[in-house]
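According to TrEMBL, the feature transmembrane segment maps to 24-44, 56-74, 94-115, 136-159, 195-221, 233-256, 268-287. What TrEMBL lists as domain 'G-protein coupled receptors family 1 profile' is 37-285.
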């Protein structure tokens, strides 16, 4: 008795017409900074002076950040200036798949980066042997494969629900929480499954990261020289900052998937997750890393 949806209508970031152009130019500027900043990181980290596993992972992280912003921001910019904010069914499926794949892959990559720091600090003499080029590539491929599995399962499950209306998604891109509110069937089982997936994708890597940094801090405290302690911790602080930002925003978005009274708050968190954090990553890693700054100045 229900009409199945063949397309959706996305909402704008703001319903006030006087803010549309201001938001357009602001987000366009932020997106440009994201692309330029992360491309600079990619260029700098291929320099022979930075031919180390940490910078290989950083280069992959920058590519993921560019991809995340590119999947979400261009369509959002079009919707800010256009009255037609529709997105096709296939377009929505593709966007959701890409967003989940990139987010999950990034989390597993952050866990791999924490492991790299753990080996560098706790087993420095065996670092080159353990974190070989093959091992680094294997960790990246494992992160991508894990993200692929999570994305396929979540996307398939969402679109097997009976999404029968209304067509309007109270969000600026296709994501899991706003889509399941369109279901005309009971979604309690799926919500429990989504919470389990969130724990698996966010908290399992987070626990591994936490364990790695517990061991790292324990090793740092055993270093007698205060200067050496500061230098060692500074190589880890950038990564910890990024992990904290991702963990806070991702957890608040996905742990309460169908809470109808917090859509505006989730929009802001999603904007931070998909637009602001990818812009901050190059700044965090370049401003807090002396080696990156030196090579960046040399390249510029």
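The backbone N, Cα and C atoms fix where each Cβ goes, and this holds for glycine too.
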Do we see three or more Cβ pairs under 8 Å linking the transmembrane segment (233-256) and the transmembrane segment (94-115), pairs being at least 6 apart in sequence? yes
Given the transmembrane segment (94-115), its same-chain partners at Cβ distance under 8 Å and 6+ residues beyond its ends are 54, 57-58, 60-61, 64-65, 67-68, 71-72, 75, 87, 139-140, 142-144, 146-148, 150-152, 154-155, 158, 173-176, 179, 201-202, 205, 208-209, 212-213, 239, 242-243, 246, 250, 273-274
